[in-house]
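Have a look at the structure below before the remarks.
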Amino acid sequence: MDEYVGLPRNHPESYHSYMWNNFFKHIDIDPKNAHILDGNAADLQAECDAFEKKIKEAGGIDLFVGGIGPDGHIAFNEPGSSLVSRTRLKTLAMDTILANAKYFDGDLSKVPTMALTVGVGTVMDAREVMILITGAHKAFALYKAIEEGVNHMWTVSAFQQHPRTIFVCDEDATLELRVKTVKYFKGLMHVHNKLVDPLYSMKEGN
Amino acid sequence: MRGGQDEARSPVLQFTNCRILRGRALLREDLWVREGRIVDPEKLFFEERRVADEQRDCGGCILAPGFIDVQINGGFGVDFSQAAEDVGSGVALVARRILSHGVTSFCPTLVTSPPEVYHKVLPQIPVKSGGPHGAGVLGVHLEGPFISREKRGAHPEAHLRSFEANAFHDVLATYGPLDNVRIVTLAPELGRSREVIRALAARGICVSLGHSVADLQAAEEAVQCGATFITHLFNAMLPFHHRDPGIVGLLTSDRLPPGRHIFYGMIADGTHTNPAALRIAHRAHPQGLVLVTDAVPALGLGNGRHTLGQQEVEVDGLTAYVAGTKTLSGSIAPMDVCVRHFLQATGCSVELALEAASLHPAQLLGLEKRKGTLDFGADADFVVLDDSLHVRATYISGELVWQAEEARQ
């Protein structure tokens with residue numbers, strides 16, 4: 001969904017490296033089916049436009065899987081991004097740069113300051129969206145994303161207007177939510193299980 | 001650099017289900033090979049959009065860089081120091097047989113011999129790449145004749161020499177042309193050794209200190225002149241003394257040229273070095289330790305009498321003596337046995353034991369970009385080992401050159 005600008009593709013902190021080491025090398029995907037933005041392209045805007053085109057040519061995104069930042073960003077759509085934005089070049093927020101410094105030997109001068117990223121609008125076009133949110137440090141962003149209104153300062157809140165989005169969270173990520181909200185969603189699982197079980201026992205009875 | 005077109009057509013081989021030694025650690029990674037070299041699969045994926053043409057399951061084994069033996073005097077009845085008519089076929093026989101020990105590159109070693117032998121034998125042992133025919137020859141190791149009389153060990157006294165008269169010219173007169181020479185072992189206390197060491201080092205020849213009664217100062221000066229190796233540490237040199245550590249003191253010397261450390265050969269066959277001594281050396285300077293076999297022609301043969309240089313040798317079980325004496329005459333433990341014994345005696349990590357037989361000798365010879373490593377771009381010379389470090393298969397340039405019986409289907 002994104003890649004740093006100006007970072008060599010084989011740098012251990014590039015998203016190409018991340019995807020290779022954590023996903024691609026473990027599966028048998030055809031390399032031709034893997035598309036990652038090139039942060040070293042000669043014409044960055046053309047690279048972004050081409051990416052949008054490739055998505056369209058592939059028939060659109062069926063499933064978008066992502067996480068969020070502590071500032072509620074989705075991909076690198078930092079606070080203040082347009083909620084109808086497309087794939088483009090973004091300057092990274094100071095918070096993001098500071099958070100990334102630990103991956104660059106703590107040297108701020110080594111941290112990339114720009115990235116190519118899919119837009120909020122690009123992700124909203126996906127047929128299904130799954131966002132994974134874990135840890136107490138993401139709790140406030142999760143609160144802003146689902147219990148407050150849609151706001152471009154917390155870009156992941158845009159998915160309140162998506163027809164088919166699921167947020168998968170752990171206990172710690174819910175720490176800033178109302179108890180009532182957490183109970184509601186936990187309760188849903190309980191009701192779901194009650195609906196499913198009788199079906200199975202009916203089947204086995206036959 | 002080859003053209004992109006040629007590379008695109010060459011088959012890519014992927015070794016899976018293995019642990020590879022890379023970056024000083026055993027990683028759960030696949031090894032990718034193309035055109036005899038190790039390639040970067042991430043680069044293949046993103047730039048060439050390429051998958052492997054063939055996958056080989058390594059059954060959970062360890063893949064280590066092929067072992068490099070920088071001191072081996074012969075084996076299987078072959079004696080490199082004998083002025084045979086067909087030295088080449090003897091070298092080839094040893095090169096082929098040591099593949100089963102996991103050795104993919106080696107330095108045939110000649111002990112102290114008369115000049116006629118050097119002049120006849122050296123031209124017949126050219127540097128040669130390894131392959132299905134056998135391990136690669138990196139160059140010859142000349143151990144002697146410029147060594148100490150007192151510490152000659154099994155070397156024949158009659159053929160010892162000095163270079164006091166004409167320094168490097170004496171060296172050339174003795175050996176003949178040095179084209180095929182990779183390592184020279186000498187005693188630095190001999191007169192004019194500094195000139196000789198400098199001249200040899202300037203030609204890219206590795207100078208090793210051994211069979212010597214040098215004190216630490218003489219040894220340090222030799223290193224400052226360009227010596228980089230110690231031949232079989234502890235053997236054939238003065239014992240460590242707390243007021244003059246001798247050559248052994250180089251392991252912890254603070255008078256070495258900046259950024260450089262000394263490498264030292266160790267025969268970890270269970271006989272030549274007491275395990276406690278092995279541990280002292282290893283703990284003092286683990287990164288410089290180079291496992292060598294110092295194997296004699298009796299390697300791979302049974303008990304009995306055999307020839308080494310100009311002398312007779314008696315083999316008894318795992319030990320070889322100068323016939324009629326109690327002087328050790330080289331080892332007959334294969335390299336993989338040495339690796340296992342070293343691991344067990346020192347309790348070091350598997351990674352370090354493997355590096356002592358591969359990375360360290362490659363570093364000694366300045367070959368660490370191509371040999372002794374499984375980094376991208378290196379030659380695909382590697383050995384497949386089970387968890388107890390027994391050799392299951394040996395590969396050179398990505399080609400299977402030896403396989404254990406049980407592994408064959």
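One is the number of the first residue shown, and numbering goes on along the chain from there.
Every residue gets a Cβ built from N, Cα and C, even glycine.
Bear in mind that TrEMBL entries carry predicted annotations, made automatically and left uncurated.
According to TrEMBL, the features are:
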DOMAIN    B:62-401  domain 'Amidohydrolase-related'
BINDING   B:E143, B:H211, B:H232  Zn(2+) binding site
BINDING   B:A154, B:N235, B:A236, B:R243, B:H272, B:L328, B:S329, B:G330  substrate binding site
ACT_SITE  B:D294  active site, proton donor/acceptor
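Nearest neighbour of B:E143 (Zn(2+) binding site) by Cα distance, taken over the recorded positions B:R243, B:D294, B:L328, B:S329: B:D294. Cβ neighbour counts within 10 Å, taken over all protein chains shown, single out B:S329 as the most crowded of the binding-site residues B:N235, B:S329. B:L328 (substrate binding site) carries a strand DSSP state (E or B). Around B:R243 (substrate binding site), a 10 Å sphere centred on its CB holds 5 further CB atoms from the protein chains shown.
Here the candidates are the binding-site residues B:H211, B:L328, B:G330. The one whose C-alpha lies nearest to that of B:D294 (active site, proton donor/acceptor) is B:G330. Within 8 Å of the Cβ centroid of the Zn(2+) site, not counting the listed residues B:E143, B:H211, B:H232, the chain contributes B:Q71, B:G144, B:I147, B:G153, B:H155, B:T185, B:S208, B:G210, B:T231, B:N235, B:A236, B:D294. Rounded to a whole number, the distance between the Cα atoms of B:H211 (Zn(2+) binding site) and B:R243 (substrate binding site) is 21 Å. The two recorded residues B:H272 (substrate binding site) and B:H232 (Zn(2+) binding site) have their Cα atoms spaced 9 Å from each other. Within its own chain, B:H232 (Zn(2+) binding site) has B:Q71, B:G210, B:G265, B:M266, B:I267, B:H272, B:V292, B:D294 as residues 6 or more apart in sequence whose C-beta sits under 8 angstroms from its own. For the substrate site, whose binding residues are given in the record as B:A154, B:N235, B:A236, B:R243, B:H272, B:L328, B:S329, B:G330, the maximum C-alpha distance rounds to 30 Å. Taking only the Cα positions, the spacing between B:L328 (substrate binding site) and B:H211 (Zn(2+) binding site) is 13 angstrom. Long-range Cβ neighbours of B:H211 (Zn(2+) binding site) (same chain, at least 6 residues apart, Cβ-Cβ under 8 Å): B:E143, B:G144, B:I147, B:S148, B:K151, B:R152, B:G153, B:H155, B:T185, B:A187, B:T231, B:A236, B:M237.
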